[in-house]
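Remarks on the structure that follows.
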Amino acid sequence: MKTKFLFITGGVVSSLGKGLAAASIGALMEARGLRVSMQKMDPYINVDPGTMSPFQHGEVFVTDDGAETDLDLGHYERYTSARLSQKSNFTTGQVYDSVIRKERRGDYLGGTVQVIPHITNEIKAKILANSKDVDVAIVEVGGTVGDIESLPFLEAIRQFRVERGRENVLYLHLTLVPYIPTAGELKTKPTQHSVKELREIGIQPDILLCRCDREIPRDMKAKIALFCNVSEEAVVTARDVECIYEVPIAYHEEGLDERIIDYLNIWTKAPDLTDWERIVRRFKEPESETTIAIVGKYVELTESYKSLSEALIHGGIANNCRVNLIYVDSESLERHGVGDTFKDVDGILVPGGFGHRGSEGKIAAIRYARENRIPFFGICLGMQMAVVEFARNVCGIDDCFSSEFKEDAANPVIHIMENQKKVTRKGGTMRLGAYPCQLVEGTLARRIFGTGDVEERHRHRYEFNNAYQERLEKGGLVISGVYRDVGLVEIVEIEDHPWFLGCQFHPEFRSRPMEPHPLFESFVGASLKHHGEA
């Protein structure tokens, strides 16, 4: 079958959930037996989000091949079977960089390089490069229709239909139908204006996915259809749901997947949504609950920890329990102390991060978890701070810290990796992507994974300082996972504790609702046990 292309645009406001919509459509296509590819085009000029503040961009999602990408790719991987790559996310910065390099090589034979056709051709080439050997290529256009930054991308997808044929390209526009409480009614005008802007660019949407907090009445759908030049059946309600894993089910009930395959002239089997229904049922009707604190410095924007929070929910689904998340500002712990912060908490998790700010608050939280025998999970920087806390307060090593935060520390138990010492550029230069880890027999990590070899994704410059290994092990630290090629410590544990584990990698990037990551399943299980014993 010739590859079909589904382009998703958004209008009215940002953060409507285009990424979730794209992921849910991907899930529905796979449930019908189709092969899909997922891709996000971001209109910002940064080459990638790797150096952007989490407060501006949210989480940076890392792929197996080491790409630092938009958090929407996390949704794509959690909802579909796809393992994404560097081709799955590209930006204006990457497009212009590629075109300028070609111009310098002389690829354009002295021609004047312009947005049309050179930039738009480059965009189309990147779309095609990610759509090989699939039935449906789903492409999300970042930004909001009307933004000047998005224009080259919209022009490129406009050309796509002309070149590939109307029957092979579908435009789906996600828009907002707000309810105005004072008027007591839904308003369609924002959707009308958003579609008007899209049509002025030359794109007539085929399906309107209308985000709303309630069902849109039939007469209002008819009004939207009339003013936006689509059939009434093409106006689909995207109602708010309690659980984001309910979105594919809600879309199917609205007939969205049927509209898509009808338009693209694809014959498929009926979708099997049994697994999604099971997940939603477990989410809504848990047998028990547990409370876990995430201690970090980006907690004002919880999107900074999107994959992390979802992985904990996956752990809850596996344990048939509700996971209540409490976000704790590590800087606040530095200023005010731990106090009663963790009084009703069953597990403490310290995630990755960068910079000195808030580090002592994380160390205080780790000490509380260790001394009070509360299950603790440290990820990336969280593992490194667990090593610092153990070295200081158990092994009695003075002036002990990470050289990232104190270059002249007498005892840098965490230090910069050898191959990072001469690196001066920030973007794309960390240890990124999937690397193997060998697990030690008889350890907690080995029991959790049930195997001796695993592969996990990384994003870091600093590592455990092996010069302190013997001293820390004598104090009771267990090194349970190692990347043997270079002797890099990947997992640490401590003896005589219900559940205390830190890992250098980011397991949250490989967790899915149908396949919870073993570490999160085990950590949530330990927290649930602590809740029962409290």
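Here, residue 1 is simply the first one shown, and the rest follow in order.
Yeah, the Cβs are placed from backbone N, Cα and C, and that goes for glycine too.
Here is what Swiss-Prot says about this protein:
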ACT_SITE  Cys380  active site, nucleophile
ACT_SITE  His506  active site
ACT_SITE  Glu508  active site
BINDING   Ser14, Lys187, Thr188, Lys189, Pro190, Thr191, Gln192, Lys223  UTP binding site
BINDING   Ser14, Asp147, Ile148, Glu149, Lys187, Thr188, Lys189, Pro190, Thr191, Gln192, Lys223  CTP binding site
BINDING   Ser15, Leu16, Gly17, Lys18, Gly19, Leu20, Asp72, Arg239, Asp240, Val241  ATP binding site
BINDING   Asp72, Glu140  Mg(2+) binding site
BINDING   Gly353, Leu381, Gly382, Met383, Gln384, Glu404, Arg461  L-glutamine binding site
DOMAIN    291-533  domain 'Glutamine amidotransferase type-1'
REGION    1-266  region 'Amidoligase domain'
Do you know offhand how many angstrom separate Glu404 (L-glutamine binding site) and Cys380 (active site, nucleophile) by C-alpha?
13
Using all protein chains shown, find which of the recorded positions Ile148, Cys380 scores highest when you count other CB atoms within 10 A of its CB.
Cys380
Checking the spread of the CTP site as listed (Ser14, Asp147, Ile148, Glu149, Lys187, Thr188, Lys189, Pro190, Thr191, Gln192, Lys223): what is the longest Cα-Cα distance, in whole Å?
31
In DSSP terms, helix, strand or coil for Asp240 (ATP binding site)?
coil
Nearest to Glu508 (active site) by Cα distance: which of the binding-site residues Ser15, Gly19, Glu140, Gln192, Gly353 is it?
Gly353
Closest to Met383 (L-glutamine binding site): which of the binding-site residues Gly17, Glu140, Pro190, Gln192, Asp240, going by Cα position?
Gly17
Take the C-alpha atoms of Gly17 (ATP binding site) and Arg461 (L-glutamine binding site) and report the distance between them in angstrom, rounded.
33
Please give me the CB contact count at 10 A for Pro190 (UTP binding site), counting all chains in the structure.
15
Between 0 and 100, where does the mean pLDDT of the domain 'Glutamine amidotransferase type-1' (291-533) sit?
93
If one looks at the chain holding Ser14 (UTP binding site), which residues at least 6 apart in sequence have a CB under 8 angstroms from its CB?
Gly143, Thr144
Among Gly19, Lys189, Lys223, which are recorded as binding-site residues, the nearest neighbour of Gly382 (L-glutamine binding site) by Cα:
Gly19
